[in-house]
Structure formats: C-alpha cells, structure tokens
Amino acid sequence: MRLTRCLLRQRGLKVECAEPPHVPAGTLRHSHLNTSMSGLNASLGYFLGIVGVSAVGRVLVTRWRPRWTFLTEFIAAFALSACRLEVDTIAEVGQWAGALGPDVAITMLFISITVHGIIMQGVSGNPSVTLMGLLQKDTGAVAAVLSVAAQLLGAYVALLVTGKYWQMELTDMHMIKNMMMSECSTSLKVPPLQGVFAEALGALTFHMVYLVLKSRSQLLRIPIFAVLLTLIAYAGNNYTSGYVNPSLAYAMTFTCPGHTLLAYSLVYWLGPLIGMTLALFLSLGNIPLLFSRNLLYSKKARFRVPKGKTSEDKTS
C-alpha cells in the first residue's frame, strides 16, 4: 500500500506517503498473493458480466430484429471497448497496485479478443471493416453510416459503464484507476505523423489477413485474428497501442489529455483507413466502389487448357 500511496502522490494526487510498520516477509508475500487474486477475480467477474450481457443482447437482436445489423455493431463495439478498458487497467495499474504483471494483461487481451470473436461472429465492431464493406459494394451507404454511428455510440457507452465500475473501487487497482480517470495516459506516444504510419501499418496487416481468410471457417479465423490483434497491440504499445479500430481508440484515448482531437482523429481514423484501403487494393487490384479496372492483376488464365484434337488430326 505504501508503494501505491507514493506513486499516487507523484502523480499529483493528495495522498500521504507514510512508512509502514515492520511486516514479516511471509506475511508480506501472503498479502501480495491475496491482493493479486482479489484484483484478478474482480477483473474476471467484470469480463464475465460484459460477455454475458453482450451475448444475450446479440441473441435478442438476432431473433427479434435480424435486419437491424447496426444494433449488433453497437453491442460488438461495446463489448470490445469495455473489455479492452479493463485490460488497459491491468496493464497500466495492475503491476504495482494489484501484483499483476504484463503477462496477465497480454493473456487477458488474447482471451477477450477470442471470446469476442466467438460470440460476435459476423460482426466486427470496427468502423474500418464496415467501410471496407462499403468500398467492396457489399454494404450500402445508409447501412454503413448507421453501423459506424452505432459503433461509436457503443464505445462511448462502454466508457461510461466502465467508469461506473471503476467508481465502485472493488480493489486497490480500481481505486487508483478511478482517481486517474481525469488524467488518463494517452496511447499516442509518438508524433501524429509517425502515429498515422504505425496505425496504417497495423491496419494493412490486419486487413490483408482478413481478406485472405474471409471465406475460411470461423474455427480457423478466430484464433488467427486473436493472435494477430494481440501481436499488433503488443508491437504498437510504445507507439499508438495498435488499436487499428477507430471506435476502440475513441474509448481508449480520445478523452485523455496530451493531444488535440484533430491529432487523435488523424492517427486513429486516417491511419486505419489508409491501411484498409491499401490492403483492399493490393488484394483485389481495384476499389470496386471507386473504379472497376484492375490495375494490378491480369484477368488471363494462369494455365492454358490444351486444345482437343480436330477431326483432321484424328483421321491422320
């Protein structure tokens, strides 16, 4: 607890840093174990609650309003953002307030993405994926606009719900996170131009794999996407956090000080859109909504079919 109080005072929060009484080493280790388990149990309960509510909402919408796909996009964006916010709490605070190391945060991120892929099959919760469907002429303009709006609203609601959860201060980790809400750390740790490049590179990688595996079974796609998105997040941790999802980035960092709204928008909207468009062009050779001419690949058959013998050849 002394470490917690000292770090809070260093952040500008008015909390005293007092010397604790002498505690035996065995008791201290036991205390750290209890703190770790209580923080992890609280986070697991939160994840289960978000997943349960999202799964029930998805089933109800699919059954009663199957044509209202934007509602499922709202649920998908809500679940993705709410889980990622808690993962970020574990990564940012858990190491020195809840005895949870970075390995726990990475593991929880992978599990949350995997579970999200299972319960939200066919729904992305990602505006760049929705807009890619528009560029491919698979999605209408009105449906795309409604879906993107629903995704942003879902991310906003996730931010509100998670904030209420932090205010409950179930553990020291969540107490500290609640105190840090107004002074959250920005995910954009590089200049905006470099951030655009980082997000574009991550989005290019993700969407290229997405297009390659588009017609594959979910049993193959879900674990590959979970591993890929976890690796992108890990690789981009010191740059932009590798969200490659504008609505997720809105929930995670747009409300944090450090950069202007314009800078955040350029990095987390323009970057993924550039990467997505480039991936689509490299995959198809064109952008169906903009132009149909294939600029990269020839339509000629790769293999020549041998011609059958003519009647003259047969008689000779």
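Glycine residues also receive a Cβ, built from the backbone N, Cα and C atoms like all the rest.
In TrEMBL, annotation is done automatically, which means it is predicted and not curated.
The transmembrane segment annotation in TrEMBL covers 43-61 (among others).
Annotation comment: TrEMBL describes 99-119 (among others) as transmembrane segment.
Beyond its flanks by at least six residues, the transmembrane segment (140-161) meets 69-71, 73-82, 85, 125-127, 130-131, 133-134, 246-248, 250-251, 255 of its own chain at Cβ-Cβ distances under 8 Å. According to TrEMBL, the feature transmembrane segment maps to 140-161 (among others).
The transmembrane segment annotation in TrEMBL covers 195-213 (among others).
Counting only same-chain residues 6+ beyond the ends of the transmembrane segment (220-237), those with a CB under 8 A from a CB of the stretch are 106, 109-110, 113-114, 117-118, 198-199, 202, 205-206, 209-210, 213, 243-244. Annotation source TrEMBL lists transmembrane segment at 220-237 (among others).
Here TrEMBL flags 267-291 (among others) as transmembrane segment. Outside the transmembrane segment (267-291) by six or more residues, the chain places 127-129, 131-132, 134-137, 188, 192, 195-208, 210-212, 240, 243-246, 249-250, 253-254, 297 with a CB less than 8 A from a CB of the stretch.
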For the transmembrane segment (43-61), what are the same-chain contacts with Cβ under 8 Å, counting residues 6+ beyond its ends? 68, 71-72, 75-76, 78-79, 82-83, 86, 89-90, 108, 111-112, 115, 119-120, 123, 165
Long-range Cβ neighbours of the transmembrane segment (195-213) (under 8 Å; 6 or more residues past either end): 128-129, 132, 188, 220-221, 224-225, 228-229, 232, 235-236, 239-240, 242-244, 263, 266-268, 270-276, 278-280, 282-283
